[in-house]
Structures are given as structure tokens and as C-alpha cells.
Amino acid sequence: MRSDQIKRGAVRAPNRCLLYSTGISPGDLDKPFIGIASSFTDLVPGHVAMRDLERYVERGIAAGGGVPFIFGAPAVCDGIAMGHSGMHYSLGSREIIADLVETVANAHMLDGLILLSNCDKVTPGMLMAAARLNIPAIVVTAGAMMTGMYDKKRRSMVRDTFEAVGQFQAGKITEKQLSELEMAACPGAGACQGMYTANTMACLTETMGMSMRGCATTLAVSAKKKRIAYESGIRVVALVKKDVKPRDILTLAAFKNAIVADMALGGSTNTVLHLPAIANEAGIELPLELFDEISKKTPQIACLEPAGDHYMEDLDNAGGIPAVLFAIQKNLAHSKTVSGFDIIEIANSAEILDEYVIRAKNPYKPEGGIAILRGNIAPRGCVVKQAAVSEKMKVFSGRARVFNSEDNAMKAILDNKIVPGDIVVIRYEGPAGGPGMREMLSPTSALHGMGLSDSVALLTDGRFSGGTRGPCIGHISPEAAADGAIVAINEGDTININIPERTLNVELTDDEIKARIGKVIKPEPKIKTGYMARYAKLVQSADTGAVLK
């Protein structure tokens, strides 16, 4: 066992002495040491219920014949960090999480890991660590939140409260209604209720085979989630004994399966950042072209919030990820899972329990939820969640309204300075320029709440929340901070969007773009000290997954 390096031989007497001081017994030295990387925090709704899950994981590890050791990992709530300077830190926290898990696991020579995760950057960060360390590991995602109820309708945090800000600003609802809604939309613990980034990543984690069957869609408050945590603890010890490692599971086939599921579910555009970053740690390249190639061949068979009216609880009741895999199995490749079953076996053994939620025979859309666009604005690509774009906005031309930060754009939107026919361009919000590639949920939600999502588009080198809907194009590469063509766009330029043709262009010649780029004076860095200042110097382009050099 790997842990023998800290517990065997006379020379390790000091190490054993310290281990005994934690309360373990001599007999425990013969057992695998299993770390539980817990991202519990009182700050994040998706993570507040993890104390219970920690106990069940511990019990499972002990029942399986291992010794559990809990250690902490940070978690950022993108919803709480949204719309202010705190959002600079969200994407960068992914790398911190990966580095911290690697540090603890290697410093203490752990034999295996349970990665207790849930929210947006935590799950990819922990998967990056698993692929990098390549020691037996299972991810336990803590589960989605139940829907809220207000005015006789089910509600969610992302679509209802963020868009309510725009509705209030437009005079469509009162301050009292806004207050009542914010109290009702989030009834308890769990990740935000729709197919936003956290739940998308949970679904893809299960599809890739890194979590147990049913884990992704089981609600945070359910007893079933506790049983999954317990079973995961037992199973990770078996993986250690059989020497089954993450890179045995995280193969190119597994990543392709994840992209297929992503497209079928209409998942978050943030997966186009996270899957390549995880694959990079496993020594696999996932180019943007692969996402688009798979999207064109994969119908969208589920439509959850924000694009539709279903929630994670509905997907779970319809059979969860196994039922989704059953519906798309002809597009899947054989791949191992932590459960010991091939992903095709899991798909074949499932059934669809609600054909209105999972529409295998009558897909919601003929193509997958995400499209990759290219053109003279984004020669290295950009991303749009086409599942959340109305048909009338899939081909659109408009006048550029240019802002060098999200804050300035948001002020213009709330001051009613954006009108139908405009295309809002927000730049210097990329991985390096942001820094941290802030999510633009506040401006997109405000536009929708003000009734402009069918007449105004938004482009950015930043990114979008999984809760974004409307013609919102992000991840424009190269970014403004890297002298990308987005800096050449001036106020009033005409921009043409054609999602079916996968193009995004400004009506300028190549020579005009080059000349304008040469005259640009870059703004001062927004953050000059601390982690994010270092991050800005090391982070690569969005089309690489925004990984560090």
C-alpha cells in the first residue's frame, strides 16, 4: 500500500507515533488509509449538509476495511459571489482545490480518496486532483436542492431570483413580491435546482464513471444520498485493493460519453472549460471541435431549468442518469466505472420512468445543447448554450454596445440604455483579463427580466452561469487581454450571429481588425496582488479549459 511509506519499518516510528496520537490503533496500520476530501462549509447551500454525508462515508470506509481521515477543501458559491468582485475568485478556486487535495493526499501518502463535492468549481477541481494523483477515488456529489414554491408555482434560485431583479427594475413586480420570492426560492440544502453547472458536472461525473449509480440526481436531503455515501465508502476500499485508478476510468471514451450526456441534457457551457481541464490532468486533449462534432449528432432529450420547466427532482424521478444513458446508449462507448460495471451495462439495465422528462422518442431539440462558434471575433472559438436560445435569435445581427467590464454593462442595462437590436459586448473579463473569467448571470438575467432576451444578444470573453438563457455567447478566444479580436469592436459596429452555421463575425476586414488591435491601450489590471494576480500571469486561454501553465 502507498501508505506503507509512512507506517512501516523502524525508521517510521516517529510517523506512527503521530498517527497514534490521532486515536488510531496499531491494527489500523494494516488497513488502507482513505482520505475524505470534504468541502463542507456553512457558507454554501450546496455544502451545508455534508456533515451527515461525512459520517456515512466514514462508516462505509470502516465497513469496507479502511481507515477514514477527513480533511477540508474550500468551496465557493457562485450565486453568492455573483455580480461583484468576489466572482473573480470562483474559477481560480478550481485550481486551488485540485492543488490542496493533491497536497494532502501526497503529503500523507493516502491510499485512496472519497471526494465529497457539489458546487460549480469544486467537482471539477476534485476530478482534476483525482486524475493528477491517479490513486483510487470516488466522487460523492452532495445533491440538488428541492424546488421552492411561490405564487402556486415551483421556483428555483437561479432563474427566478436573478431574473426577478430585472422584473423589479422594469416595474413588473413590487419590492414586496421580490422579497417574498427570495425567501421562497431556496427551501434548504443542496445545489441550485436546475441543469446549472453544479448539477451538470454531477451528471457528467456519474456518466464518466467516477461516482456511484444514481449519485448525480439524488437530492441532498434524501436518505438515498446517505446510502450512496455509505456505499461509496465501502467501494473505494475495494478499488484500493484491486488497484483501480482514476485514469483507468477517465479515458477518452469516458470523456466522449460525458460530452454526449452533456449535449443530451442541455448542460451548462462551463463544461467546455471543465472537461478539457480534467482531461488535461489525465493526459488527454479535448479540443472544442469535439464538443461541436458530438453536439451535431446528439439530440437533446431532457430540458431542465433554465431552458425548460423541469428540475433535478423530476430527472431523478424519471430514472436519473442511468435512464438518460439508456436513451442515448447508441451514442455511448464502453467505459469502466467505479461501481465495477461498464457504463453500457448500466445503461442497458435502466428504464425511463417518465417519458415527458426524458424524451428519447421525441427529443426537445435535434441537436445537443451547446454549440461552438468561430469567426473573425473568435478565431479560436466561443461557446453558446443553444438549448436556451429562442429560434428567432439563432440568426441575429445587431449594433455593438461595448463595455470593458461587467459592472459598466450592468449599469447600462439597469439604466435602460440597452434597446432591442443591440448586442452587448463585455470584454476584459476573460481568464487573464478578468482575472478569473467572471460569470455574467447578473446582466443576462436582467436582460431577460426586462423582456429583452428575444431582441438583445450578449458577447463576452468571460463566461456564463449554467442558469443563463438567451443569445449569450461566451469564452471568446483569444480574450481581450491577449489582444484578441474582441478588442477591435467599437461602439456601433455591426455584429452577425449565426448559430446554425456556427459563425460569429463583426463587419470589419482582417486589416481593419489588425489596425484597431494595434491602437488599443489595455486597461490596468483589476487585481494587482494576491492569488488572482498570480493566476492572471499563469492562466491559459478559455479554449484550453483555462488551465494554468
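Using N, Cα and C of the backbone, Cβ positions are placed for all residues, glycine too.
These numbers come from a predicted model, not from an experiment.
Annotated features, as they stand in Swiss-Prot:
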- ASP78, ASP120, LYS121, GLU439: Mg(2+) binding site (BINDING)
- CYS119, CYS192: [2Fe-2S] cluster binding site (BINDING)
- LYS121: N6-carboxylysine (MOD_RES)
- SER465: active site, proton acceptor (ACT_SITE)
Three-class DSSP secondary structure - ASP78 (Mg(2+) binding site): helix
All-chain count of other Cβ atoms within 10 Å of the residue listed as 'active site, proton acceptor': 27
Between CYS192 ([2Fe-2S] cluster binding site) and SER465 (active site, proton acceptor): CA-CA distance (Å): 11
Cβ neighbours of CYS192 ([2Fe-2S] cluster binding site) where a neighbour is any other Cβ within 10 Å: 31
Protein Cβ atoms within 10 Å of CYS119 ([2Fe-2S] cluster binding site), excluding its own: 30
Integer Å distance between the CA atoms belonging to CYS119 ([2Fe-2S] cluster binding site) and ASP78 (Mg(2+) binding site): 8
Non-site residues, in chain order, whose CB comes within 8 A of the mean position of the CB atoms of ASP78, ASP120, LYS121, GLU439 at Mg(2+): VAL76, ALA81, SER90, LEU91, CYS119, THR197, ALA198, ASN270, SER465
CYS192 ([2Fe-2S] cluster binding site) and LYS121 (Mg(2+) binding site), Cα-Cα, nearest whole angstrom: 14
Pairwise CA distance, CYS119 ([2Fe-2S] cluster binding site) versus GLU439 (Mg(2+) binding site), rounded so that it is a whole Å: 14
Number of Cβ atoms other than its own within 10 Å, given for ASP120 (Mg(2+) binding site): 33
Euclidean distance between Cα atoms of CYS192 ([2Fe-2S] cluster binding site) and ASP120 (Mg(2+) binding site), Å: 10
Between CYS192 ([2Fe-2S] cluster binding site) and GLU439 (Mg(2+) binding site), the C-alpha gap once rounded to whole angstrom: 15
Cβ packing number for GLU439 (Mg(2+) binding site), 10 Å threshold: 31
